[in-house]
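Going by Swiss-Prot, these are the annotated features:
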- Cys99, Cys101, Cys110, His114: [2Fe-2S] cluster binding site (BINDING)
- 1-37: topological domain 'Lumenal' (TOPO_DOM)
- 61-135: topological domain 'Cytoplasmic' (TOPO_DOM)
- 38-60: transmembrane segment (TRANSMEM)
Amino acid sequence: MVLESIARVIKVQLPAYLKRLPIPDSIAGFIRLTVSEWLRLLPFLGVLALLGYLAIRPFLPKKKQQKDSLINLKIQKENPKVVNEINIEDLHLAKAAYCRCWRSKTFPVCDGSHNKHNELTGDNVGPLILKKKEV
């Protein structure tokens, strides 16, 4: 039953539909088409456009995919939440930079790894900088 229906569509209904389409003999004939004729052509042209897109899609450039979707790739993965506590009195330097990108090999201190991460992903992450206030 299903195959008979498909055969009927392909052998009878599709050719009849294509014969009724107002396809002009020349390109200039498209200018003379009326609005109702354009509306009758619309489904056919839509199917042609879809088939054309599907045919050229493998040759279109791929979108740049993000290298990794996780933020923290390797630091303290055994913990459900990574927390680093730093006592303010322990800041001996006038300025300290702490990592926010999770790529630093000296985590929690920033080593500039965010620069490579930003280039690869288009992100704009930077370090957390703590400075002593001048009195």
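Think of each number as a place in line: the chain as shown, counted from 1.
From the backbone N, Cα and C atoms, a Cβ is placed for every residue, glycine too.
The model shown is predicted, which means the values in this text are computed figures rather than measured ones.
The [2Fe-2S] cluster site is defined by Cys99, Cys101, Cys110, His114, and by the 8 Å test on Cβ atoms against their centroid, the other residues of the chain that qualify are Ala97, Tyr98, Arg100, Trp102, Arg103, Ser104, Asp111, Gly112, Ser113, His117, Val125, Gly126, Pro127. Within the same chain, residues 18, 20-23 sit at least 6 positions outside the transmembrane segment (38-60) and bring their C-beta atoms closer than 8 Å to a C-beta of that stretch.
With a threshold of 8 Å between CB atoms, the same-chain residues lying at least 6 positions outside the topological domain 'Lumenal' (1-37) that come near it are 44. Cys99 ([2Fe-2S] cluster binding site) carries neither a helix nor a strand DSSP state and counts as coil.
In the three-state DSSP classification, Cys110 ([2Fe-2S] cluster binding site) falls within coil.
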